[in-house]
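Beneath this line is the structure, given in structure tokens, with notes to follow.
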């Protein structure tokens with residue numbers, strides 16, 4: 001077989017099947033037969049035409065697990081038949097960020113499935129620098145290494161230590177991942193979300209304390225969880241302006257806020273509150289190879305699992321016909337994976 005099925009987002013709200021030649025891996029590339037692909041908010045927003053800096057047509061999908069079925073030249077440490085996850089961030093390796101090891105915020109970053117074609121296809125050729133061995137991990141779990149890695153990067157940015165009291169605001173996939181990883185790192189974790197369904201999901205899957213940030217006594221409830229104090233570290237995964245503006249009110253003096261959720265606008269908070277607490281506030285973008293490696297290790301150890309965030313599975317063969325109904329309009333969806 002020399003051709004493959006590819007699902008292309010031709011334009012907003014239009015997914016079409018096409019046949020393409022199976023790519024031939026170039027030097028320092030591996031050909032991957034796709035096993036599973038996670039569905040991200042990026043894939044949903046791109047379908048709706050709401051993803052900035054996005055061009056059509058595009059093959060979506062950047063949370064990828066597959067099996068190596070072909071290797072280019074100059075590759076010694078990978079082999080055919082090996083299961084791998086894809087690190088979708090292709091960095092230039094030349095800008096100041098890359099040279100300082102922060103390839104996650106490369107000035108010229110190109111993301112597989114966003115800026116170049118991704119995993120909604122049967123095969124994909126990937127630079128070997130963007131491959132993480134994932135043998136021994138369930139393929140659906142391995143497809144979720146990427147979102148877990150984003151969570152791991154936020155936890156690393158927060159410099160969370162064992163025993164620290166951490167509040168995660170927002171119980172979508174990234175917030176769930178951050179809570180799970182902070183817990184695995186030994187922190188005392190509380191999760192806040194306004195959605196009853198998401199709070200129930202966290203209570204069932206992660207067995208962590210849950211709070212409703214819209215409750216009138218939210219401050220008192222938070223202090224009750226942390227022995228009378230506010231949080232030492234807050235990770236905000238909401239991307240919600242009001243929630244992000246309020247984070248400075250949720251940390252104790254000397255506390256840290258990390259924004260891993262993105263709001264496409266301006267934020268505003270009390271400067272006196274910010275200063276008197278000597279707040280450390282930072283953003284968290286994408287993930288580095290070190291974050292991917294940590295997630296792979298935690299999955300292999302059973303400390304984080306796909307079931308912590310995964311709620312739905314979709315067969316690739318019928319995705320064009322079911323995407324709008326079962327993904328876009330599915331109010332119960334927290335995290336979905338495409339199976340091949």
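Every residue gets a Cβ built from N, Cα and C, even glycine.
DSSP assigns residue 65 (Zn(2+) 1 binding site) to a strand segment in the three-state reduction. The Zn(2+) 1 binding site feature in Swiss-Prot is assigned to 40, 65, 146.
What Swiss-Prot records for 92, 95, 98, 106 is Zn(2+) 2 binding site, and it gives similarity to another entry as the kind of evidence. Taking the Cβ of residue 92 (Zn(2+) 2 binding site) as centre and 10 Å as the limit, one finds 14 other Cβ atoms among all the protein chains shown. Reduced to three states, the DSSP call for residue 92 (Zn(2+) 2 binding site) is coil.
A simple way to gauge crowding: the CB of residue 65 (Zn(2+) 1 binding site) has 29 other CB atoms within 10 angstroms, across all the protein chains here.
One residue stands out among the binding-site residues 40, 95, 106 for having the most other Cβ atoms within 10 Å of its Cβ: 40.
Cβ neighbours within 10 Å of residue 146 (Zn(2+) 1 binding site), excluding its own Cβ and spanning all shown chains: 28. The residues near the Zn(2+) 1 site, meaning same-chain residues not in 40, 65, 146 whose C-beta sits within 8 angstroms of the mean position of the site's C-beta atoms, are 37, 38, 61, 62, 63, 64, 85, 86, 88, 119, 143, 144, 145, 147, in sequence order.
Distance from the CA of residue 65 (Zn(2+) 1 binding site) to the CA of residue 95 (Zn(2+) 2 binding site) is 29 Å. What surrounds the Zn(2+) 2 site, by Cβ distance within 8 Å of the Cβ centroid and not counting 92, 95, 98, 106, is the set 91, 93, 94, 96, 97, 99, 103, 107, 108, 109 from the same chain. In the three-state DSSP assignment, the secondary structure recorded for residue 98 (Zn(2+) 2 binding site) is helix.
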